[in-house]
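Features reported for this protein in TrEMBL:
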| type | residues | note |
| --- | --- | --- |
| DOMAIN | B:86-293 | domain 'ABC transmembrane type-1' |
| TRANSMEM | B:37-57 | transmembrane segment |
| TRANSMEM | B:92-113 | transmembrane segment |
| TRANSMEM | B:119-136 | transmembrane segment |
| TRANSMEM | B:143-161 | transmembrane segment |
| TRANSMEM | B:167-193 | transmembrane segment |
| TRANSMEM | B:220-241 | transmembrane segment |
| TRANSMEM | B:276-297 | transmembrane segment |
Amino acid sequence: MPERSKSERPMIEIAHVTRSYGAFKALDDASLTIREGEFFSLLGPSGCGKTTLLRMIAGFDNPTSGSIAVDGQEMLGIPANRRPTNMVFQSYAIFPHLNVEQNVGYGLKRLRLDATEEKRRVEEALAQVSLTGLGKRGATELSGGQRQRVALARALVMRPKVLLLDEPLSALDKKLREQMQVELRRLQQAVGITFILVTHDQYEALAMSDRIAVMFGGKIAQVASPKEIYQRPVNRQVADFLGGMNFVKAEIVEENGASMTVDTLGFGRVKTDKPAAFVRNGKAATLGIRPERLRVLWDDAKDKHEVAGTVVDRHYFGEITHLIVDIPGLEKPLSVTETNNFGADDIPVGAPIRLAYDPDALVAMAD
Amino acid sequence: MTAAAEGAPALRPAQSRRTSLLQSESAQGFALISPTFLYALVLLVVPILVVIAHSFWTQNYLTIDRTFTLENYRIALTEPIYRDLLMRSLRISLLVSFFTVVLAYPIAFYISFHGGRHKGLWLFLITIPFWTSYLLRVMSWKVILGYNGVLNSGLLGLGIIDEPSTALLYNTSAVVITLTHAWAAFAILPIFVSLEKIDRTLIEAATDLGDGPLRRFMRVTLPLSVPGIVSAILIVMIPTVGDFVTPRLVGGKDGVMIANAIQAQFGKGANWPLGAALSVTTMAIVTMMAAATVLIIRSAARLAR
């Protein structure tokens, strides 16, 4: 994705925010800066605190300690109805007693605009979400996708500084969800408003975001661009959450500033970048390599870096095949993803196999 | 192709099984409601038919003359005494349902929105007055409102009045107060249920769109609880029109309602046909008033948007 020129101005500053319920900490000393005009995702499994954080930004929940500022203004003590944020709820929360137009215009009523201006803004918002002409439709006569668009229009029409989206696509079926991902991304670029998306779907976060914060157990584990998060996860948990990862035990031989040399049983001696958050644990380290970064070597093909083993299992997924390859010396067999255009789906279980890899794809991470 | 061809005949038995299941289900349904249905038929529909039949007959001392006549309805609709009693009954029932709903709404609202884990306890507490008989509750209002009653002694003790007030008991307002108290729980429950059904994220959405507590109540909570308000009004209004115990005990001369007149015709008055005609007239008018109330509230709610 080409990087757009974007303001570096912080829109949301979350500083040391903790939210405790008795002894349980839903959010534990979370700090985060979200820039103006950014499409930012909070990604994590259920119960990781991402929704809690979003609701605190909206004002529906208050931090036990720490501070939240939106556009330089401290939000503590400001009730939800006076914050410059608007929310798209997971259930969409469409008012059942109002039609589409009245739903979208709900927040404008309070602004006491003149009738033509109000109508113009409602029409504009409906056009933005491709619902033109459905204004008189009753709330109960809408499909799931349409309800989602109404919820989006109802928030956008308020021209918030920050739009908060709480798992907005989780109730839609797969096709519609993928279509809405593209549309949401396009919409965000068109309006230029800061979007904060809460999701547990890593592909959704990777496809839509400028940056992602991965959260586990109330803590923010990593904040980075989708590519960085996917390719250079800071620890096993992050790596595991975002798709498959083969973990390889390694022993540190030499450390040299930002890089280090390690010995592995399966992959031999490897020179790799040392991640900033790398935690040293004696001489032991963990390397990871994504299944799609391992490539099957056919017939007599050779590569500078290769490992040899035996296929122990095979899973067919239509466009790709997952091969489980046992490599002598590795404690766990490697998972390999290969596209099916060369016949990976025909490799028999038990066959010997050679795999090529790029040493750069072997990344060191904390346990 | 083969799969479809094989699938088609396989559907047949499934479909017929479903139809027979449906038949047996509706048969089961009828079997389930038949005791209640018979009960209602014998004890509700038949008596109403008997009353309607009587309303077209005449009574000569102890014998019923079964020749068709509309004379009873002429009396029921034109005699000033019955017209006044009917109007008063309707006014009292409207006042009672209004006050009951106005007083019940905040209670239902509190339980639903702030009851927390104790919702069940709150609802249980509301039923406590029903542990004593309706008559006793009416009588206790006599004790409260009477000449030497609790209220008068209290006001005397505080020096607010010099002599006991007779304006408290034996009039229309005593009837309204007593009935409002008696019917409170019946208004709280339907309103509570309709408030419980409101998705709380709707209220959060209203807040998010800029509404403070009052505005979001007026624009979301209240309109969405209209069904509960309507049922509360109907539940209170319809039976109170025909109440005769309360006016008899606390109403005095000014609190007499149509049901007392009807009772008199069936009792001392010994004019069953007139009593029947009064009953049928009251039923018809209550039905119309109930329908009108529903329509008015619904359209008011629609306008409020």
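Heads up, the Cβ atoms here are built off N, Cα and C, so glycines get one too.
Just so you know, TrEMBL annotations are computer predictions that nobody has curated.
Per-stretch counts of Cβ pairs under 8 Å to the transmembrane segment (B:167-193) identify B:92-113 as the leading one among B:37-57, B:92-113, B:143-161, B:220-241, B:276-297. Ranking B:92-113, B:220-241, B:276-297 by CB pairs under 8 A with the transmembrane segment (B:37-57) puts B:276-297 at the top.
Pairs of Cβ atoms less than 8 Å apart link the transmembrane segment (B:220-241) most often to B:92-113, out of B:92-113, B:119-136, B:143-161, B:276-297. With a cut-off of 8 Å between Cβ atoms, the residues of this chain six or more beyond the transmembrane segment (B:143-161) that come close are 168-169, 174, 177, 250.
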